[in-house]
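The block underneath contains the structure these notes are about, expressed in structure tokens.
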Amino acid sequence: MVILALNCGSSSVKYQLFDWEKKEVVAKGMVERVIIGDSFIMHEVPGRETYRKEYECPDHKVAIDLIIRTLVDGEHGVLKDINEISAVGHRVVHGGEMFTRSVLIDEKVLDAVKDVQHLAPLHNPPNIAGIEAAQAVLPSVPHVAIFDTAFHQTMPEHAYLYPLPYEWYEKYGVRRYGFHGTSHLFVSKRAAVLLGKKPSDCNIITMHIGNGVSHCAIRGGVSIDTSMGLTPLEGAVMGTRCGDIDPAIPAFMMQKENLSAKEIDSILNKKSGVLGVTGRFTDRRDVIENANNGDHRCKVALEIEAYRLKKYIGTYMAVLGRLDAVVFTAGVGEMGWPIREKTIEGLEGIGIKLDRERNKSAMTRKRETLITTDDSPIKVFVIPTDEELVFTEDVVAILDGTYTDHMNFDYSFARQDFVRS
């Protein structure tokens, strides 16, 4: 069984082809600059040089068609025929309250995803476009939706409701939903393995730190709180998003700068966070380099980010009552050792003892690493995430009828004998 996993953004399509019988990734890549022009595909096959080709993709259908043609290409492909693809798994950012698990996509499901796209206007429309495009290119295979929000549907009411007029929740669904669910699921299961415990016996804080950043408090394998909210704007400091701020600031600045609601929303989502403070950078490597060279705004940006991360550890530790481990994952979480160090240092009093040398050596996207001392009561791990593997396993389980939900399903990566492909 060969599964194609697709992750469609507003101007990109990421893909991964997984051979389930061999338990290995046979190809992966990305089409970038979809719609906006000068688009190209980067195609990777293990053991070969990365293949790049410029090809104009005015929409997602053309991009997905390009991916399929590349996968079956005589020189660069890995398939002899398009019919070797057994099913397609699609990342869908927002599933509202309706979807608590991954589901087979039919007309009713697609309509429901469209009904909640107002809750994620930057994310769901390209997800929907990708589903429709893939169905057009691969009409005879099953398509499955895997929702970012599903993992967090276990949050209690007191965690997901905002102290706002209750009618807003009833009429418009205004509540905390949370995102990056598949990433939090994967790394929390792996952390339980590294702890030598069952997920049901673990209390874990997972920290997904990339351009987007979210944290999750996980008790007994279940999400009980998360930092992102109604939208991915809430929570920690991010590459271009502000995260938690005084909610009066937008109205204040709209008056001062004569900004529209659309303009202030764009600023908070695209011109704030690390970019807003530094004025130049979203890539933390650039921020770290310039901070080390004396750039005050870059130094402050790092301090703000690490300070907010530290606060979330304390907050979620209080919520959980007992903590077994903290996990760093995603691009910055996996590679940004200075940010991890700034976040963890000073937490010895609550049982987290950083091993600085281990932390500095944990700079790989392949290895799971303990970065606290052996005698640290609370462990801190760096665990590379693998959302596409979650997509793949959900698809396979739905097709063979063994899938229940993310809490009870026996994922391969939750086993002691799991080996990364």
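Every residue, even glycine, has its Cβ placed from backbone N, Cα and C.
Residues annotated as Mg(2+) binding site in Swiss-Prot: Asn7, Glu387. Glu387 (Mg(2+) binding site) falls within a helical segment according to DSSP. Note: Glu387 (Mg(2+) binding site) has non-local neighbours Asn7, Arg91, Thr182, Ser183, Phe186, i.e. same-chain residues 6+ apart with C-beta under 8 A of its own C-beta.
Residues or ranges marked as ATP binding site in Swiss-Prot: Lys14, His208, Ile209, Gly210, Asn211, Gly212, Asp283, Arg284, Arg285. In the three-state DSSP assignment, the secondary structure recorded for Asn211 (ATP binding site) is coil.
Taken residue by residue with DSSP, Arg91 (substrate binding site) is part of a strand. Residues or ranges marked as substrate binding site by Swiss-Prot: Arg91.
Shown in sequence order, Arg91, Val92, Val93, His94, Gly95, Gly178, Phe179, His180, Gly181, Thr182 are the residues of the chain, 6+ apart in sequence, with a C-beta less than 8 angstroms from the C-beta of Asp148 (active site, proton donor/acceptor). Look at Swiss-Prot and you will find Asp148 tagged as active site, proton donor/acceptor, backed by sequence analysis.
His180 (site 'Transition state stabilizer') falls within neither a helix nor a strand when secondary structure is assigned with DSSP, and so counts as coil. Here Swiss-Prot flags His180 (among others) as site 'Transition state stabilizer'.
DSSP classifies Arg241 (site 'Transition state stabilizer') as coil under the three-state reduction. According to Swiss-Prot, the feature site 'Transition state stabilizer' maps to Arg241 (among others).
Looking at Arg241 (site 'Transition state stabilizer') and Asn211 (ATP binding site), their Cα atoms lie 9 Å from each other. Local packing around the recorded positions Lys14, Arg91, His180, Arg241, Arg285 was summarised as the count of other Cβ atoms within 10 Å of each Cβ; on this measure the leading residue is His180. Other Cβ atoms within 10 Å of the Cβ of Asn7 (Mg(2+) binding site), summed over all protein chains shown, number 22. In three-state terms derived from DSSP, Asp148 (active site, proton donor/acceptor) belongs to neither a helical nor a strand segment and is classed as coil. Around Asp283 (ATP binding site), a 10 Å sphere centred on its CB holds 15 further CB atoms from the protein chains shown.
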